[in-house]
Ligand code: EPZ
């Protein structure tokens with residue numbers, strides 16, 4: 001297995017490029033299943049989740065080619081003849097569940113494994129199932145699989161209210177609705193930019209959708225969608241992560257540039273909280289310039305669906321609070337158990353208290369390098385951020401979590417002045433007196 005080793009205390013400086021959005025790319029790939037022909041997707045990040053989802057599409061019969069240099073993906077979905085997403089892949093990545101809507105929309109039937117829980121707790125899919133049922137699907141459970149069928153080969157469309165406004169359920173319902181026989185309405189739909197960009201791609205393919213970016217999305221089903229060439233948007237969570245990295249690890253007064261970004265996708269809540277810490281930032285086209293303040297001020301946050309503070313940035317914000325002056329808290333109302341990174345940060349000396357869905361802490365704190373374990377994607381990157389400001393070496397184990405969602409993280413950070421390297425290690429090695437001495 002691989003780990004990242006970070007020597008703390010080096011200032012982050014210069015320019016960091018932002019990759020294409022992982023979560024939007026997964027939606028776009030699912031959308032390609034609906035089009036009989038070759039869809040070309042640009043600005044696709046080279047990540048493990050993208051590779052996993054490529055396998056999911058191949059199982060269904062698509063041919064997927066990806067060039068990691070140009071970041072262009074070609075999906076030939078002329079032949080989709082095996083409408084199934086197996087457990088082995090769905091368990092690795094929940095977004096594989098998008099195949100339910102995509103296969104129903106394309107083939108009128110689907111057999112997709114239920115995803116189960118994830119590293120930080122239960123993540124239900126009840127809204128995906130109830131919504132597709134409301135659009136006409138007949139759904140049964142069979143040995144851990146959802147078996148869905150559209151009577152007569154096409155969904156009829158319908159009306160469904162999401163509570164809460166789930167990103168994934170909005171996507172699955174859109175995938176099902178765009179080729180339905182009739183019209184559909186998704187109420188309390190997700191507003192996340194990923195969903196809006198995905199909806200625009202469907203429109204370009206010929207889908208008739210109104211209300212993207214509002215709480216009510218109306219869809220008029222069409223007979224078929226056409227393949228298109230579409231450019232994926234930049235990754236908003238990677239941008240937020242590097243803005244936080246700049247604020248905590250940059251030299252006061254210095255400016256760090258994040259290029260190829262789309263800052264409006266971060267939402268007002270994050271930008272406002274970031275501004276209140278005292279870190280200055282400006283936008284110029286697709287470049288975000290972050291100027292590092294002398295001192296960061298603590299700002300408490302509470303996650304919420306877009307345009308609220310993203311749950312995918314709360315672990316990183318905890319590290320920011322540890323470096324800021326004053327008391328603050330991080331509350332997650334979207335995933336109330338998403339705090340597996342906190343005990344790992346405590347191994348680095350973090351003093352914090354988790355109560356229910358909230359972590360309380362007071363800064364600034366001195367963190368020390370340690371061996372820490374990745375538990376999930378965003379939690380893992382919070383350990384890397386802590387490593388940037390910790391004294392000594394931090395070893396972040398189980399880097400495969402990071403490889404799911406941060407393209408070339410160590411390459412980008414080392415080009416920006418950070419001493420970081422990837423090493424392989426034996427997770428199950430038994431320590432001997434000699435190895436203990438080496439450490
Ligand atoms: C998406 O997950 C993202 N994943 C997540 O990013 C992100 O954390 C999440 O949205 C919230 O922004 C992808 O885009 C692939 P939800 P998703 O359905 O769609 C409840 C990352 O790190 N809910 O919007 O699975 C649910 O429990 C990942 O990149 C139901 O109750 O999230 C949660 O409280 C992790 N029933 C809330 O909705 C359902 O059927 C929002 O979840 C579905 C969801």
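Residue numbering: from 1, along the chain as shown.
Quick reminder: no glycine exception, Cβ is built from N, Cα and C everywhere.
Small disclaimer: the values here were computed from a predicted structure and weren't measured.
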Given TrEMBL lists 94, 312 for UDP-N-acetyl-alpha-D-glucosamine, the same-site residue among 64, 288, 334, 342: 334
Cβ neighbour count (within 10 Å, all chains shown) around residue 312 (UDP-N-acetyl-alpha-D-glucosamine binding site): 21
Other CB atoms within 10 A, centred on residue 22 (phosphoenolpyruvate binding site): 25
Any further residue of that chain within 8 Å (Cβ to the Cβ centroid of 94, 312, 334) of the recorded UDP-N-acetyl-alpha-D-glucosamine site: 123, 167, 311, 335, 338
Set of same-chain residues at least 6 away whose C-beta sits under 8 angstroms from residue 23 (phosphoenolpyruvate binding site): 95, 167, 194, 235, 237
Taken over the domain 'Enolpyruvate transferase' (7-413), the model's mean pLDDT: 97
Maximum Cα-Cα separation (Å), residues 94, 312, 334 listed as binding UDP-N-acetyl-alpha-D-glucosamine: 17
Distance, residue 22 (phosphoenolpyruvate binding site) to residue 334 (UDP-N-acetyl-alpha-D-glucosamine binding site) (CA atoms, angstrom): 20
